[in-house]
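Trainee: What TrEMBL records for D142, H218, S536 is active site, charge relay system. What TrEMBL lists as domain 'Peptidase S8/S53' is 135-575. What TrEMBL lists as domain 'Subtilisin-like protease fibronectin type-III' is 651-746. Annotated signal peptide per TrEMBL: 1-20, in sequence order.
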Amino acid sequence: MNKTIILLALFLSIVLNVQNSFVVAESKVYIVYLGEKEHDNPESVTESHHQILWSLLGSKEAVLDSIVYSYRHGFSGFAAKLTESQAQQISELPEVVQVIPNTLYEMTTTRTWDYLGISPGNSDSLLQKANMGYQVIVGVLDTGVWPESEMFNDKGYGPIPSRWKGGCESGDLFNGSIHCNRKLIGAKYFVDANNAEFGVLNKTENPDYFSPRDINGHGTHVASTIGGSFLPNVSYLGLGRGTARGGAPGVHIAVYKVCWLQRGCSGADVLKAMDEAIHDGVDILSLSLQTSVPLYPETDSRELTSVGAFHAVAKGIPVVAAAGNAGPTAQTISNVAPWVLTVAATTQDRSFPTAITLGNNITILGQAIFAGPELGFVGLTYPELSGDCEKLSSNPNSAMQGKVVLCFTASRPSNAAITTVRNAGGLGVIIARNPTHLLTPTRNFPYVSVDFELGTDILYYIRSTRSPIVNIQASKTLFGQSVSTKVATFSSRGPNSVSPAILKPDIAAPGVNILAAISPNSSLNDGGFAMMSGTSMATPVVSGVVVLLKSLHPDWSPSAIKSAIVTTAWRSDPSGEPIFADGSSRKLADPFDYGGGLINPEKAVKPGLIYDMTTDDYVMYMCSVDYSDVSISRVLGKTTVCPNPKPSVLDLNLPSITIPNLRGEVTLTRTVTNVGPVNSVYKVVIDPPTGVNVAVTPTELVFDSTTTKRSFTVRVSTTHKVNTGYYFGSLTWTDNLHNVAIPVSVRTQILQRYYDEN
């Protein structure tokens, strides 16, 4: 009997140990990054990946069960399900640059293009000169596409470019041979890493399509903003009526679905999509995706979009990416690699004033997207015990029934207040908050935003009378010079938390209440269209402009295109008024809010001078931030040795100067290339930051048929005697026709922020 008990105990011990070993040895998705591919044959690249796994796992079956993706076109690497110890073993192999766990990314019109000056009616316009972007191919990494939208019709299109190697994959409610056309020329979806990480997507619990079809509309909105076809008489809830179109209505679009409803965007899926897009032959990549701080160094393969973007840019493909929606807090910006074009969001010259008339006949203008009908005078209340919008749900009040409710919030509000007041029988909500432009579209239920000052005026009225009443009218559309441009509150801000000497964002574009196509499944849908806000919406605006520039200047490098956009940007809005930045307090916008400024497409086509860069410049950047020779060599696929002494990050040939720790004096260098009239003379104009001396040598640049590049030095010194925050200025080269301006940002650090141990 005792022997039986002992054997049973031993058996249970073995079982428990095995179970514990499974818990400890849990497999997760890791990306094994190998740098530049060593074979041109994709099959050979994949075979080399299998061999690495085989040496670890010991069988072909185990390899096939482990591997998720083979990255074999733009660069070399693979995603695989590995235990932590297996990932560690692979990382020690000499051919491996880095092994890192999978990362999740977040997703971050009728008036926009007229506001930016891109009008189709003028034969000399950028839109006409660039032939609407025809023959350029843009790759969009997002939530997919709703192909039936009329914004993707291919009327007037010629043949698909012969260089195109991509295709259209079929899947749930998506037939690749039917739903693609001469405009929508590519559609693929990537979910394997997401499924490997979290289990196969349960479409009952998380509705989605295993296909390129877009369920929530984010990707459809982005793609149609870049290149949607002309559609007249489009509005949203009766507002913003006009002709809807993308920035480059003639572009060819390839969609790569990497983001999934409720699941987000797996970094391994994103990296595979970028690899495929490079192979397929896209000319531009547009990513309305973001990660959150803290960020990894942009040369670290854990910053997956930066790694994929590096290989794309090295092959001449500009990468446009969102700054993120974590503003207005400083140092929250994402996508900070110097080879990426990073986009902040502004408003445009359009607003939706909504009249709030109180019982004392005073009318206040709020902002809303309220289709009506007008309420007529009804009761108005303020819940004295729970007037915070975020607390309404915990204290539903019967006094709300049949009335409009006023509430206050100091945070970014959710839509919980709408739900609470509706469920309590209320007729509408007036929300008082910090100035912002995030509006929730509503039908038959007004949800109107006012600032704290106006909210307080309404509250004083409520408290001054026994039976306060209010009438809320349907929103109207107002556009033109009476509406100022502002950097949106939500737009992530600099300075760059990874490399403070690299200015981010690079540029700003309209990203508030952008009207574009949407999936009919979206709760925002109104006749196939919706207004959406975010740096996700600003990014495709810039991508559309990049398409047009690429069409006109196919030989320009990604850095040349970035330079043209940054140096010609508006630092006041198109009407000449200053651009402010919304936040906890409104202030004049600076380079950490909008980079070079608001994108000015017509000027960008003829910038005069450009600050150009090649892969070699980016290698020097990697050296300047102490990336190892071995890692740089693996990334490039060739032996690279950093110079000694190492280069200064301040000498990277960016269209900006950012000095985060000026002590005494520093000298840096820039080089410009003439892309304007052959015989040109440029003179320097300096607007120095407060308390900072800026001297440029030479002060005049002369170009002719034999001299197309000129270098100059910039000597910067401070008169400040204490540590300061950042001060801002500019450096402009002008020939009286072109004004090539770059932002200058300087922070004085008399006392070092870090001290050597010795």
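A Cβ is built for glycine as well, from the same backbone N, Cα and C atoms used for every other residue.
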Trainee: Per DSSP, how many helix, strand and coil residues does the domain 'Subtilisin-like protease fibronectin type-III' (651-746) have?
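Mentor: Its residues divide into 1 helix, 61 strand, 34 coil.
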Trainee: Among all the protein chains here, how many other CB atoms are within 10 A of the CB of D142 (active site, charge relay system)?
Mentor: 27
Trainee: If you count Cβ atoms within 10 Å of the Cβ of H218 (active site, charge relay system), leaving out that atom itself, what do you get?
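Mentor: I count 25 other Cβ atoms within 10 Å of it.
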Trainee: About how far apart, in whole Å, are the alpha carbons (Cα) of D142 (active site, charge relay system) and S536 (active site, charge relay system)?
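Mentor: So the alpha carbons of D142 (active site, charge relay system) and S536 (active site, charge relay system) sit roughly 10 Å from each other.
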